[in-house]
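Record features, source Swiss-Prot:
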| type | residues | note |
| --- | --- | --- |
| ACT_SITE | Lys46 | active site, proton acceptor |
| MOD_RES | Lys46 | N6-(pyridoxal phosphate)lysine |
| BINDING | Arg148, Met331 | substrate binding site |
| ACT_SITE | Tyr283 | active site, proton acceptor |
Amino acid sequence: MSETTARRDADAVLRARAEIDLAALRANVRALRERAPGAALMAVVKADAYGHGAIPCARAAVAAGATWLGTATPQEALALRAAEPGLPDDVRIMCWLWTPGGPWREAVEARLDVSVSAMWAMEEVTGAARAAGVPARVQLKADTGLGRGGCQPGADWERLVGAALRAEEEGLLRVTGLWSHFACADEPGHPSIAAQLTRFREMTAYAEQRGLRPEVRHIANSPATLTLPDAHFDLVRPGIAMYGVSPSPEIGTPADFGLRPVMTLAASLALVKQVPGGHGVSYGHHYTTPGETTLGLVPLGYADGIPRHASSSGPVLVDGKWRTVAGRIAMDQFVVDLGGDRPEPGAEAVLFGPGDRGEPTAEDWAQAAGTIAYEIVTRIGSRVPRVYVNE
């Protein structure tokens, strides 16, 4: 690394940083494995590991016992396979979000497990396998009630299973898995949970009766891994829980499951100044100071993933006290009213973290923005350096 690059990176960290605690991630993976002792674990690292950094988090998860990695796009999966130093050869990597004309041949040659939900995808992956001269690893996805990706039950599923059997006989592919995804596993007692489990059992049983012999059957996402033992089957694939965030306040806090949030988002105050009462703050003057006060400028904005919907409501810890965003969050910055306190420029402002030092959590920001904690951590942008600790 050149001196100029090192200085630029150091300056960026001084402005703002997302600290990623890899020891917490490893502990979370171990806690999740204990929740599903009879199943293998797929660490879902899609969307740059929910904003935490895919390759460092993948390595940490594998070190803690994950034997599979999951991504949405094939590009994410190919990047994992190409990482240097490489992941262990026996770690399986699956990707599931395909569009026509995707990099099927590259995926086959990289030994990825690819999801197939429709006949067009079956035709493309078998064509890629024929061209590569290598059997594809295919997982058939069933729509058991989510109404999103996956093959519909009935005639569509029967055709897809039949096509997979014929391709296996030709040596073009191996069906390594049958899988699905829950719609409402984060809502305890929702009737769709039992209905989807029943449908999943029916659809996998049909495929196996026809002659498919998958290595794994899986449907358990984070909430199902944590609360639904009947859904664990051969493999669980937690995503958000691996990063120490609860899938939903309704099922419990991270601490209830022995999980610890992995990301801490902090910045250094760029400016601290005194203003009189009645002073408008930020665009539109949606906040006016109630009296003489101190304002602190936090150099993070919606370009960095701070949700504009949290204007006038997002919590921030400064000098040991919770403060609230004053007025609108702008593209690169927002303001907090510090009352009578006068911290020095450069003082730390913590937006969220585990919460055990008094700081807000990602869930607090989700409540302030009217969204879910998944979005809070995942949307933190590339302008914010990731700083890995406890590697």
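Cβ atoms are placed via backbone N, Cα and C, with glycine included.
Known features from Swiss-Prot, placed on the structure.
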{"residue": "Lys46", "record": "active site, proton acceptor", "Cβ contacts under 8 Å, 6 or more apart": "Gly70, Thr71, Ala72, Thr73, Glu76, Gly239"}
{"residue": "Arg148", "record": "substrate binding site", "Cβ contacts under 8 Å, 6 or more apart": "His181"}
{"residue": "Tyr283", "record": "active site, proton acceptor", "Cβ contacts under 8 Å, 6 or more apart": "Gly327, Arg328, Ala330"}
{"residue": "Met331", "record": "substrate binding site", "Cβ contacts under 8 Å, 6 or more apart": "Gly301, Tyr302, Ala303"}
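Annotation note: Lys46 (active site, proton acceptor) sits in a helical segment as assigned by DSSP.
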